[in-house]
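*Asks:* Got a structure for you, written out below as structure tokens; questions coming shortly.
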Amino acid sequence: MDLFHTPAGALDKLVAHNLHPAPEFTAAVRGALGSLNITLQQHRARGSQRPRVIRIAKGGAYARGTALRGGTDVELVIFLDCFQSFGDQKTCHSETLGAMRMLLESWGGHPGPGLTFEFSQSKASRILQFRLASADGEHWIDVSLVPAFDVLGQPRSGVKPTPNVYSSLLSSHCQAGEYSACFTEPRKNFVNTRPAKLKNLILLVKHWYHQVQTRAVRATLPPSYALELLTIFAWEQGCGKDSFSLAQGLRTVLALIQHSKYLCIFWTENYGFEDPAVGEFLRRQLKRPRPVILDPADPTWDVGNGTAWRWDVLAQEAESSFSQQCFKQASGVLVQPWEGPGLPRAGILDLGHPIYQGPNQALEDNKGHLAVQSKERSQKPSNSAPGFPEAATKIPAMPNPSANKTRKIRKKAAHPKTVQEAALDSISSHVRITQSTASSHMPPDRSSISTAGSRMSPDLSQIPSKDLDCFIQDHLRPSPQFQQQVKQAIDAILCCLREKSVYKVLRVSKGGSFGRGTDLRGSCDVELVIFYKTLGDFKGQKPHQAEILRDMQAQLRHWCQNPVPGLSLQFIEQKPNALQLQLASTDLSNRVDLSVLPAFDAVGPLKSGTKPQPQVYSSLLSSGCQAGEHAACFAELRRNFINTCPPKLKSLMLLVKHWYRQVVTRYKGGEAAGDAPPPAYALELLTIFAWEQGCGEQKFSLAEGLRTILRLIQQHQSLCIYWTVNYSVQDPAIRAHLLCQLRKARPLVLDPADPTWNVGQGDWKLLAQEAAALGSQVCLQSGDGTLVPPWDVTPALLHQTLAEDLDKFISEFLQPNRHFLTQVKRAVDTICSFLKENCFRNSTIKVLKVVKGGSSAKGTALQGRSDADLVVFLSCFRQFSEQGSHRAEIISEIQAHLEACQQMHSFDVKFEVSKRKNPRVLSFTLTSQTLLDQSVDFDVLPAFDALGQLRSGSRPDPRVYTDLIHSCSNAGEFSTCFTELQRDFITSRPTKLKSLIRLVKYWYQQCNKTIKGKGSLPPQHGLELLTVYAWEQGGQNPQFNMAEGFRTVLELIVQYRQLCVYWTINYSAEDKTIGDFLKMQLRKPRPVILDPADPTGNLGHNARWDLLAKEATVYASALCCVDRDGNPIKPWPVKAAV
């Protein structure tokens, strides 16, 4: 759509549908840049001679949030430890850039789904450039890799750089903007914290600029970043509101471009006149030929550069644009630009009226002209300084009558002043004029230079993970003063409605995020639920609600004429079942959306910790209501459910909701052409679910919690979450309703107070894309730059999963990632070969073989963290009893070679050798580079090669076991010697049986979390064997019913006192020694589960089977073990003893 042919009223639509980047491409780019970030960070660790990457910052239009659809740019600034000063950046570049280019060539082979990679011609020395483009070529982003000196260090929210940063910059004798990359983060934050609508205006201005570029191809136009700053200046001086007319804003920016030869703009957000060297430099900069637009992060960079750029071409284009359709209102009248200090005014040819902020801030240069910077660090000031010689006023500014009147009043009582005092007096009077003039645009207690953006919190993605607690406290928690005012207003409203209503009020309840204690700074919601006697049941609410609401509105309209001091109140768009109001602080920095809802008192007053009567919910379900139609009736239960959460969990909720708000605000009116996203309340519940299942501690890592929730959001199509704290599946009506809900499409997030309300409904796609993008950012990195892991949480719970869905549950949540398993297999093969070839090379000891064991080798590993063994069989062990000798020396030798292997080979997975000083155990971990929760922990175990080279399907020589029996003093002492047999016993089983083993192991791990601290559970391997036994005795059907198999294993666990399970696949009673030993083992107290590879290993002995049996009894009646009619699934007919 052409800008000039778009009516003024349709500009928002033009921006939303034509200028915002395509969400699919944005998501793909974020994923690619996150992957590249990790690649660059890891590059530092390989080879100690290479410069270390301290951190990586993103800049450019992409990072500032001002990227246009089609093509845009991003800077990846790589801060290296080899740069100790600005000057160092000119050296040690060719080798560094060469290494990075090789890295890029490798990475660029697979930059990400739907993207192509191509190197570009670098526009400057000391940088690398390439382009990522969509497959169809319609969307692209130019990426610049810029190595830089980390002069600022780890950025801290709201902290200004120290003056010596800029004085050292100036003393480096750099060219203008030569080291601007060092200041990427403050530059990005300056723009990024602005309101969404202002960024839309920036997109509109840049779109106009690109149209000019196509017509003026030979002209050297100023960079588009200059127009971003000019747009911010125009908004700060003329508007300052979050909501405004795009046509009026565009008209103002073009008017400034038309008057560009008078422009002199700078900010003191990051630097100022306090330091003598910086102050003197700024004075010189402000005398440069107009336009002057100083970069707010780097004072050496005059982005406006009147001597270099053809602003005159832009000025001509701007002047010719004013009569276009985009500036015409529906009535045909042209929109007018904003008015304010430093902006064009009717009848004035220049911008000759400087901004002054206060009498104590005047700074005089050697010609007596004044320039001023703001003293308020919390604001983002812009300064128009045309009072220098090159921009002397040509036509006096139009006199302001109010200003003259002020001056006359002051002169009556004035004493004679020096020239300097007179100048200060002039400034002081001008301040009052500026503030009163701007009052039509801004709250009265904010100066004309403050912005809505200055109230916005910093970009979450750039907050270091260790600072998240402080970030929440400083930026997300609501103002206590405003909360107190709101409480007073609510009490007054309730008092008004109680006293004057013609209907009897039974009681009231406060809900919404304000009532739940999860309200964010800036804006939140409150539900005032008023229970009336006349509303006697669910069905009877609708007929009376309309008249009650009319009565409420009449009372409140009278009351709102004198609301609580410091607050304003207004009625907003109404809903059929509620009265909608908005309370706002007088400075408009905080607001509350208030819903007043008349409701039926279904629950009645409840004592703490008690459940509503089951008939409450059965009557709700029988009322034929719509989903969540009567949610207000359960407001107290909803509030109490969240109010009991620990304080840190509520902090995590605030962080998640802040991220949610950033995402929704960013895309509001943009691509959001589909369904609305789920409500923020859904993310509160998701946060509680994540914490309950993955942590449960009072103290925890906010970054780990946030990553867990973002991961669940990405898995939204599998979410199935509900609680039974208020309603129970034991009630037939509720059970039937829940079963019906559970058969619906995901996501399912049931309100814990109202089972009819699935709060998970909505479009999660955008949230999922943004969650993936945030995953590689600073906020989710640990101090050493590695990504923090998520908690171990699945999107659905086993006991809440329908029996018919167990196969799907296993495939989605329990099966490990196949690609990761392949990577692990390759890595383990490399490690095994390396150990076999290199260990004990200069010794008589030989590595006979290396065998893989554990769940990973058996094919029963779970998704997430699993275990495995590497058993190294050595020639120095000639019998069982020798296995413990020289263990420390052997472990030390293997460890040295493992570490060498780690250095010499490149792996697809992250390879970490444990540094534990344990002479018995050597461990290492293989972790996925992309799936943070996927890893395998290996134990390296030296062992005696008792079995030798066994042929497949053959039995060991009986002498192996007689020697074992004579040598063994502790049960299972030499089980590592039989790793191959243990592995083969499971690997030979059908795939579906391995799936059942996974299910049983997952259940066991969940029980372990619940039982933690109460006692030692049986070993997990024992449950694997019990599962095989259940299947063998239950018919050995390779395609069995998963719920029946699971139910059978649970039943055997309940009967643990009768368990006696063993196999004679590898050993038998035919040999007298073995036979006598087996009889002795089988006479031991139950349960007995003998290892089929090692008869000395009784896996049922000395464990708290009673605790496991209790959990098995609970699960036997859960949804995963009942059929569609709610009847318990029957187990297979299996005896507890062979």
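Cβ coordinates are placed from backbone N, Cα and C, and glycine is handled just like the others.
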*Asks:* If Swiss-Prot gives R998, K1001, Q1020 as binding ATP, which of S782, S833, S843, S855 does it give for that site as well?
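*Replies:* For ATP, Swiss-Prot names R998, K1001, Q1020; of S782, S833, S843, S855, the listed one is S855.
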*Asks:* Out of D805, D933, D939, which does Swiss-Prot tie to the same Mg(2+) site as D867, D869?
*Replies:* D939
*Asks:* Any idea what the Cα distance is from Q1020 (ATP binding site) over to Q154 (site 'Interaction with dsRNA'), rounded to a whole Å?
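*Replies:* Distance between the two Cα atoms comes out at 45 Å.
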*Asks:* According to DSSP, which kind of secondary structure is D939 (Mg(2+) binding site) found in, if we only use helix, strand and coil?
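*Replies:* In the DSSP reduction, D939 (Mg(2+) binding site) maps to strand.
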*Asks:* Could you check what DSSP calls K1001 (ATP binding site) once collapsed to helix, strand or coil?
*Replies:* helix
*Asks:* Quick check: of the recorded positions listed here (Q154, D242, D867, D869, D939), which one has the Cα closest to that of R998 (ATP binding site)?
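*Replies:* The answer is D867.
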*Asks:* In the region 'Interaction with dsRNA' (185-199), how many residues does DSSP call helix, how many strand, and how many coil?
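*Replies:* Helix, strand, coil within the region 'Interaction with dsRNA' (185-199): 12 helix, 0 strand, 3 coil.
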*Asks:* List, by number or range, the same-chain residues at least 6 past the region 'Interaction with dsRNA' (12-56) whose CB is under 8 A from its CB atoms?
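*Replies:* Counting only partners 6 or more residues beyond its ends, the region 'Interaction with dsRNA' (12-56) has Cβ contacts under 8 Å with 1, 3, 6, 62, 67-69, 72, 74, 76-82, 92, 96, 99-100, 103, 107, 111-115, 132, 134, 138-139, 141, 143, 147, 150, 154, 200, 203-204, 207, 246, 667, 669-671, 673, 766, 769-770, 772-773, 775-778, 785-787, 929-930.
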*Asks:* May I have the list of same-chain residues other than D867, D869, D939 whose Cβ is within 8 Å of the Cβ centroid of the recorded Mg(2+) site, in sequence order?
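*Replies:* The answer, listed by sequence position, is G853, G854, A868, L870, S923, D937, F938, L941.
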*Asks:* For the recorded ATP site formed by S855, R998, K1001, Q1020, which further same-chain residues have Cβ atoms within 8 Å of the site's Cβ center?
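*Replies:* So the additional residues around the site are T860, A861, L862, S866, I997, V1000, Y1002, Y1004, Q1005, L1023, E1024.
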*Asks:* Could you round the CA separation between K1001 (ATP binding site) and D867 (Mg(2+) binding site) to a whole angstrom and send it over?
*Replies:* 12
